Amino acid sequence: VAAGLRERGGRAPAVVVLRLALLLGAALGSTRCTVYFQEQFLDGANWQKRWVNSEYKPDLGKFKLSAGKFYGDAVRDKGLQTSENSKFYAMSSRFKPFSNKGKTLVIQYTVKHEQKIDCGGGYVKIFSSNLDQKNLSGDSHYYIMFGPDICGSETKKVHVILNHKNKPHPIKKPIRCKVDGYTHLYTLIIRPDQTYEVKIDNRMVAAGNLEDDFDFLPPRKINDPTVRKPTDWDDRMQIDDPNDIKPEDWDEPEYITDTSAEKPEDWDDAVHGEWHYPVVKNPLYRGEWKPRQIDNPNYRGVWPHPQIDNPNYSPDFSIYSYENISIIGLDIWQVRAGTIFDNFLITDDEDYAEDFGDETWGETKGPEREMNIKQIEEEQERERVTEEKHFEQRFKKKLERKKESGKHKAVRNTVEKEEF
């Protein structure tokens, strides 16, 4: 493509060549690869034709197209950026409906919390084709919710919530998200064998079986209700020491009467009632006595309750699949705005997704960090120069005051001599 354009006097932008190369490579390497949705915001303001703002409430936050304050490539790193603090955001994009039945489903995108987010979402939601995009809100029924969520020091996790039989099921494994302010690549893979994988920056951070790591189904095994723990089974790890005897002077009341107190002179029994000595905390009180603990010589461990097949369990091999997948949306709240979403991809090919991540995020992550470090160094240098100027001005003013003080002193001495 590039060569053909050069022969005609033109030049292909690197991003166009990259995108065509990825698509051509996927087509040649795998006849099964399908890209259902791909968005990189490479055509300027045209993204507004593909993305629909929700109108479910009048004061929703606005997205803008931006690469942020620091980036690896001014064009390729442009994405949807939240622009207003303390706002809800709701926007979505529609694509041709598909089903992932019998296929792998890969959802991937990049998130950059440039503002060092203190509280807010960075996740995406996947919807069916019947979503009313103009009324997208937190109450809208979704198939999948995936991505980072940060709030304070406690919440720094990656959500993986899958809907099954109209009920959302969050993953039971904790997955920590990135919080360093740089762009990161988030990938969710759901396979027809009902396994899943979560990757951050093209590296696996969690994986397993959907049935094991989500509460979709009742457990396969349950405790046998007809079996009881033997009465002589001792599962106490420690017991009271039979040789430990309570000291004779242990028992002291918690509170005692303070007989050293005197009745106030202005105390009126008719007004205040009969005066009594006050009750105070007893300094000799040692609390309830308990014998010391020792290892139980008869300890037999935790009793292994026999298990049986759960009669309420039945396998479901369709947990992973969804029909009419057709919309990807951003439905989030942010206290401090500035997050950038980019490089959206929904496909059925894990290899293509990994290559796409390497050729987008992977190509610009290094220059992005370099630019940020350079900006920090330049800001530190400006602060140093400003501080030096500040102290220099203070020093000059101090010298001027000292000189003025010296002049006044010399004049005063001259006057005093003339008067003398």
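For all residues, glycine too, the Cβ spot is worked out from N, Cα and C.
As annotated in TrEMBL, Cys151 shares a disulfide bond with Cys119, one of the listed residues Cys33, Cys119. Given the ranges 225-251, 252-278, the record in TrEMBL names 225-251 as region 'Disordered'. When the ranges 355-376, 399-420 are checked against TrEMBL, the one recorded as region 'Disordered' is 399-420.
Here the region 'Disordered' (225-251) has Cβ contacts under 8 Å with residues 286, 289-296, 298-303, 305-306 of the same chain, all six or more residues outside its ends. Ranking the binding-site residues Tyr123, Lys125, Tyr142, Asp331 by the distance of their Cα atoms from the Cα of Cys151 (disulfide bond) places Tyr123 first. Neighbours of Tyr142 (alpha-D-glucoside binding site), defined as other CB atoms within 10 A of its CB across all chains, total 20. Counting every protein chain shown, 22 other Cβ atoms lie within 10 Å of the Cβ of Tyr123 (alpha-D-glucoside binding site). Cα spacing between Cys119 (disulfide bond) and Asp149 (alpha-D-glucoside binding site): 8 Å, rounded to the nearest whole number. Report note: the alpha-D-glucoside site is defined by Tyr123, Lys125, Tyr142, Asp149, Asp331, and the residues of the same chain whose CB lies within 8 Å of the CB centroid of those residues, excluding them, are Gly121, Val124, Met145, Phe146, Gly147, His159, Ile161, Gly329, Leu330, Ile332.
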